[in-house]
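Asker: Can you keep this structure in mind? I'll have questions shortly.
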């Protein structure tokens, strides 16, 4: 056995695991040496850790223990698994190494040292990784993010208002052709899904309400319930949510893709206002077509209720429609139209905002579209609750 530069004062432990024998010797000043003979590889790496792990842990608990060196000059074969096992054993000891050269085993020692360096680098990365914020810190970060988001939203709202005022003063700068195309995408192509959804919603409302009203002989009031619920409440809300899922996400994806490909930067460098050029036509198109879509939604919902009234409640079409006309007045239609305009502004504006906020790779476009839908739905519900409070206290 070749010397490792440690003067042994006596062997304190020896043993064997499969095809490898080991000895632990104590040198001067608490320096220990683990000498190995045989082979350490994939076939006995686990056995090496099970055999030597407890030994080096017990060794590390000795008060005089200062360092542990591996003498692998007696090994005739060692692969990556063996080097990793010995590196793990030295780590389990938690003792320093003298760094003395091991004659005749430079290749093996380099393999072990490479795993040691990899382990040290991993520990350094774990130590440098940001720690998970605590509850209070997380609340503070969330609050600051909300303030930053509010600031960006107010800033974009101001840019949109300025672009609208500029378009009023300079009508030639407004892209009417783009607005017409957006009206087709937002309105005409969305009509089938809105009509079908509204028809089914009216049918369901009439069916469920008839189960209760029939007990009181008030079948005719099914028409009143469906008409009032749709015109003043469910029609604008449902239409806005469908537009948010279909159009708001599309606005975010379209503008976001342009932002990723730097087309918006090109517009800005050529002297065009991106908000006036891209956002304003989409917002104006939504404001025009969403109230019209709401009227169609109301109509098809009433037709769905009419079907239930005629088929299940034995009402005549004339009596059902007469009750519907009687319960509705111009205020209900105006109130629903006002809601639709506000919801359209919120949905289209948020869709454009999320598009302009897109940053990073192409995957950010999908994230922007998802964020746009979530924010739009939240704002629709929020503004609807505001309208409910206004109507309760003011009308």
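Glycine residues also receive a Cβ, built from the backbone N, Cα and C atoms like all the rest.
Relevant sequence annotations retrieved from TrEMBL are reproduced here:
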type     : residues : note
TRANSMEM : 190-208  : transmembrane segment
TRANSMEM : 220-244  : transmembrane segment
TRANSMEM : 287-313  : transmembrane segment
TRANSMEM : 333-353  : transmembrane segment
TRANSMEM : 365-390  : transmembrane segment
Asker: With a Cβ cut-off under 8 Å, give me the same-chain residues at least six positions beyond the ends of the transmembrane segment (190-208) that come close to it.
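Answerer: Non-local partners: 222, 225-226, 229-230, 234-235, 238-239, 242-243, 246-247, 293, 296-305, 307-309, 312.
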Asker: At a threshold of under 8 Å on Cβ distances, which of 220-244, 287-313, 333-353 pairs most often with the transmembrane segment (365-390)?
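Answerer: The stretch with the most contacts is 333-353.
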Asker: What else in the chain is close to the transmembrane segment (287-313), if you only count residues 6 or more beyond its ends and a Cβ gap under 8 Å?
Answerer: 183, 186-187, 190-191, 194-207, 210, 214, 219, 222-223, 226-227, 230-231, 234-236, 238-240, 243, 320-321, 324, 336-337, 339-341, 343-345, 347-348
